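Step one of this worksheet: look at the structure below.
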Amino acid sequence: MRIPFTKMQGAGNDFVVLDETRGRLGLTAAHYRFLGDRHFGVGADQILTVRPSPAPGIDFEYIIHNADGQEVEQCGNGARCFARFVRDSGLSTKDTLRVQTMKGVIAPQLNADGRVTVDMGAPRLEPQELPFDASGLKLQPQGDWGNWSILPVGAAHEVLLATVSMGNPHAVLQVLDVDTAPVATLGPQVQANARFTQGVNVGFMQVRSRNSIRLRVYERGVGETLACGSGACAAVVAGIRLGLLDHQVDVETRGGMLSIAWAGGSAPVLMTGPATTVFRGEIDMPDNLAA
Ligand SMILES: N[C@H](CCC[C@H](N)C(=O)O)C(=O)O
């Protein structure tokens, strides 16, 4: 089966985008893994699928698969590329879209400067909404509203982390310097903790000022990416709740800059950043992909 795709990236987080507005491609997890494979397939952190409106008042449905083939609830950098794709493909002429994801509706808006702002919805702040089993854990009250959990990881370590859901699960750790943070070792160790019953994206946040952070994220289903949009939202929400950040924050990732705003409480998190089409192509899907 030969399928057309568009390769895109948002702050270096890269995607294969598929158009299923005219019919389903019938892909399996093995197909998504193949598309994400950087040696045998196209190569991407996530595979994004555009589907027709599922309900009145909604423009499109947005389906997300990690490179490991698993479907997930949210992808912020992908949402910006999704909006750019539907505009450039002529699927919509709207500047602002309403898009259905697995866990709610988001609203990407195409800006005149070429960046995209996405209303990512309100963060979910209760551990069980990640889901995260916090039973028996010591919560360290800090700041006005925030709390850290002390989580044992590996044989001899404990880490302080904050949990935030943007529809998908995030654990945020504060570090002094992201360049020296043990992302490649501590990321999988935190992910391995059984309290994250559906896995977790692990963010390493360096606070530079009340309006500026640096961030690296070890993503669920991928590993470290150059940027994680929902992770940037989660890190800023955690930082604001812990009294470390103001309500508008610039987030420096290894792949580029994102801007995050959150007024607190049940207000939505607004994420602004780039969305770029890299190339378009077609790929012959092998017939013998293992399920
Ligand atoms: N790895 C994430 C999905 C992609 C998130 C990220 N690429 C973003 O921009 O939000 C998860 O398993 O929840």
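Cβ from N, Cα, C; glycine included.
Automatic, uncurated: that is what TrEMBL annotation is.
The feature active site, proton donor is assigned by TrEMBL to Cys75. The feature active site, proton acceptor is assigned by TrEMBL to Cys228. According to TrEMBL, the feature substrate binding site maps to Asn13, Gln46, Asn66, Gly76, Asn77, Asn168, Asn201, Glu219, Arg220, Gly229, Ser230.
Fewest other C-beta atoms within 10 Å: among the binding-site residues Asn13, Asn66, Asn77, Asn201, Ser230, that description fits Asn66. Looking at the residues that bind substrate per the record, Asn13, Gln46, Asn66, Gly76, Asn77, Asn168, Asn201, Glu219, Arg220, Gly229, Ser230, the two CA atoms farthest apart are separated by 16 Å. In three-state terms derived from DSSP, Asn77 (substrate binding site) belongs to a helical segment.
In the three-state DSSP scheme, Asn201 (substrate binding site) falls into the strand class. Those residues of the chain, other than Asn13, Gln46, Asn66, Gly76, Asn77, Asn168, Asn201, Glu219, Arg220, Gly229, Ser230, with a C-beta within 8 angstroms of the mean position of the substrate site C-beta atoms are Asp45, Ile64, Val72, Gln74, Cys75, Gly78, Val217, Val222, Thr225, Cys228, Gly231. Taking each of the active-site residues Cys75, Cys228 in turn and counting other Cβ atoms within 10 Å of its Cβ gives the largest count for Cys228. Other C-beta atoms found within 10 angstroms of the C-beta of Arg220 (substrate binding site) number 22, with every protein chain shown included. Cα separation, Cys228 (active site, proton acceptor) to Asn77 (substrate binding site), rounded: 6 Å. When the Cα atoms are compared, Asn13 (substrate binding site) and Cys75 (active site, proton donor) turn out to be 10 Å apart.
Counting in whole angstrom, Ser230 (substrate binding site) lies 6 from Cys75 (active site, proton donor) by their C-alpha atoms.
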